[in-house]
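Asker: The annotation compositional bias 'Basic residues' is assigned in Swiss-Prot to 202-211, 593-604. Positions annotated as compositional bias 'Acidic residues' by Swiss-Prot: 610-637, 703-713. What Swiss-Prot records for 667-686 is compositional bias 'Polar residues'. Look at Swiss-Prot and you will find K18, K219, K698 tagged as SUMO2 cross-link, backed by similarity to another entry. Per Swiss-Prot, SUMO cross-link is recorded for K74, K698. Per Swiss-Prot, N-acetylmethionine is recorded for M1, and the stated evidence type is similarity to another entry. For T289, T317, T374, the entry in Swiss-Prot reads phosphothreonine. Swiss-Prot lists S402, S609, S610, S612 with the feature phosphoserine, giving similarity to another entry as the kind of evidence. Sequence annotations record features per position, and here Swiss-Prot assigns zinc finger to 266-288, 294-316, 322-345, 351-373, 379-401, 407-430, 437-460, 467-489, 495-517, 523-546, 555-577 based on sequence analysis.
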Amino acid sequence: MEGEAVEAIVEESETFIKGKERKTYQRRREGGQEEDACHLPQNQTDGGEVVQDVNSSVQMVMMEQLDPTLLQMKTEVMEGTVAPEAEAAVDDTQIITLQVVNMEEQPINIGELQLVQVPVPVTVPVATTSVEELQGAYENEVSKEGLAESEPMICHTLPLPEGFQVVKVGANGEVETLEQGELPPQEDSSWQKDPDYQPPAKKTKKTKKSKLRYTEEGKDVDVSVYDFEEEQQEGLLSEVNAEKVVGNMKPPKPTKIKKKGVKKTFQCELCSYTCPRRSNLDRHMKSHTDERPHKCHLCGRAFRTVTLLRNHLNTHTGTRPHKCPDCDMAFVTSGELVRHRRYKHTHEKPFKCSMCDYASVEVSKLKRHIRSHTGERPFQCSLCSYASRDTYKLKRHMRTHSGEKPYECYICHARFTQSGTMKMHILQKHTENVAKFHCPHCDTVIARKSDLGVHLRKQHSYIEQGKKCRYCDAVFHERYALIQHQKSHKNEKRFKCDQCDYACRQERHMIMHKRTHTGEKPYACSHCDKTFRQKQLLDMHFKRYHDPNFVPAAFVCSKCGKTFTRRNTMARHADNCAGPDGVEGENGGETKKSKRGRKRKMRSKKEDSSDSEENAEPDLDDNEEEEEPAVEIEPEPEPQPQPPPPPQPVAPAPPPAKKRRGRPPGRTNQPKQNQPTAIIQVEDQNTGAIENIIVEVKKEPDAEPAEGEEEEAQAATTDAPNGDLTPEMILSMMDR
């Protein structure tokens, strides 16, 4: 069947191919259109055949990898179908020339293949029986070659004339028609009017297989055109593999669009620091961590950055790379050089306060100055309530707790906690050894000449723009005069409470005082429900009750050894302490009496004035307590005289007990004497109840008293005051 179909196609094509080519060329030259159908000799028994001409130059490459069936068809066409007379009449450029290259069946490189490229016009006759036959032959050859059934065949579109369609044929023979929207836009069809116009060839990469399909009268035929590349080694790529390659490709990086006039800045997430470079931000972030990777190999000190380590090493080696251009000074760091030039040469103050006219050379001093406006004191002592605006003053204050004295007098080797105190010591104690430089404008005496120049420049130089006093409206053009004027406001209590008579010198004290009126307690404990008006009280509460590692400070009295948690409490106790026995002196007794009298006075003021004097308790003033005589104990008669005992300090009289109504004031205030007592059981004759009576036993002299004395004693017992029973009366009752 295949051979008969091929012979019929070749016989019919031989007779009209040359004439058809000439007619088509003439019609295009004249602007005419091609006829829709060609009148060909038809055989009614075999069925009509229609021949469609594809007038284009196609480069065909014949290789050993082509299908054997197609090679056989081309061989038959070349051998037995062309007549000798037809070959002589047809031009050489219009004849299909096929050449078979026999190659060994072994793996060879693509570069060793010999390619034969012949431009041929392809004319394809279409028959009703040829489509099924070619499709069946193709499926048989695919099964013989052992190709994967799941591997689809790749189809690529080419610029096609009108009447053609692009289809995609799978491995199992399924045919899929591509829509017109999926194809690339075609060129304008006006090129058909000009026979000399040739459409531009489109460059395609790795075109493996293309299928052209056209239909006429319900008959369609697929034509495959193969194109092999020299660099391809593994055959045709499948459509699935192509999708995988596209899926694995990394998306392009988004381009950074920089807007003109906008400066890019980096901001720290932990504070308000901003910088124009990423490297500066990375260096700043190290300040929020304790990481110090760069270590000095000489002293072991660690630093956050290499620059700080390099500057530190210069201190070991004595290298000063930064030299001042205006003088002979040299410095370790560039910051020291800039600060030196501003102080000594340029006198530039770039950091200015936004609230007043203050300007500074260093930004740290500006921050400290701004805290004087806001009242902020972030640096607080952990041992007391002291708070400072800068770290320098806090360190100086901490020396009062630790006892450190880093400053030493070079003459007498006395040590001091502050440098100013040491300078004053030298000026006062060692005036003969110190050169004095007197200021011509004030009474200041300075030890060094350079310090005198600094003093004159800072204190007595004329300021064009006068400075205003921070406490009043006075304006001064000299800093020294301004400072002396502000000292007059030092002890002035400028801040006064609008709800009471309280006044203070500092604003922060007034803020804390007003909280006593409003009841505001903004500082709350995170572990309990306590709230406080001051942060110092909150910190003290937290350490005392919630910090397990807190050890309270112990202030020991040097006289008695008693410990206190506060220094002022210990100092007040030491003023009244008498010694290790814990007996307080005269000052202590007076202090306690005065405190008790003050409390009674405050209590008496709070009582209602409507109370009667009879019901009210008599209050004792301090004078009454002091004038009240102390009760003295009469000495007992001794039978034999004894030498007097050594003098002992007389203990102060104990405070009088509170008086009660209905009893004489004299008896309750008498101190109890330690005398021997005896318990006597007395039985009542009427009821028979037994009562225990405590009786004091007095020591009697060895000699028996006379009878007259007994009678006097019995008479004395009968005259007991207030009708109370005395031990003598009880004994006489028992005798009776």
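One-based numbering along the chain as shown.
Just so you know, glycine gets a Cβ as well, placed from its N, Cα and C.
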Asker: Over the zinc finger (523-546), what is the model's average pLDDT?
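Answerer: The predicted confidence over the zinc finger (523-546), as a mean pLDDT, is 89.
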Asker: Under 8 Å, at least three CB pairs between the zinc finger (523-546) and the zinc finger (351-373) (pairs 6 or more apart)?
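Answerer: No, these stretches are not in contact.
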Asker: Residue list, the zinc finger (351-373) vs rest of chain: Cβ under 8 Å, 6 or more residues beyond ends.
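Answerer: Same-chain residues near the zinc finger (351-373) but 6 or more away: 339, 342-343, 389-390, 465, 467-468, 470.
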Asker: For a quick check of packing: other C-beta atoms within 10 Å of the C-beta of S402 (phosphoserine), how many?
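Answerer: For S402 (phosphoserine), the count of other Cβ atoms within 10 Å is 9.
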Asker: For S402 (phosphoserine), just give me the three-state DSSP call.
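Answerer: S402 (phosphoserine) sits in a helix per DSSP.
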Asker: Sequence-remote contacts (6 or more beyond its ends) of the zinc finger (495-517), Cβ cut-off under 8 Å?
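Answerer: Same-chain contacts beyond the ends: 375, 377, 533-534.
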Asker: Can you grab the distance from S402 (phosphoserine) over to T289 (phosphothreonine)? Cα atoms, rounded to a whole Å.
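Answerer: If we compare the Cα positions of S402 (phosphoserine) and T289 (phosphothreonine), the gap is 29 Å.
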Asker: Just give the helix, strand and coil counts over the zinc finger (495-517), going by DSSP.
Answerer: 11 helix, 4 strand, 8 coil
Asker: Quick one: pull the CA-CA distance for T374 (phosphothreonine) versus T317 (phosphothreonine), whole Å only.
Answerer: 44
Asker: Round to the nearest Å and give the CA-to-CA distance linking T289 (phosphothreonine) with T317 (phosphothreonine).
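Answerer: Here the two Cα atoms lie 29 Å apart.
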Asker: As a quick check of your reading of DSSP, tell me how many residues in the zinc finger (437-460) are helical, how many are strand and how many are coil.
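Answerer: Each residue of the zinc finger (437-460) counted once, the result is 11 helix, 4 strand, 9 coil.
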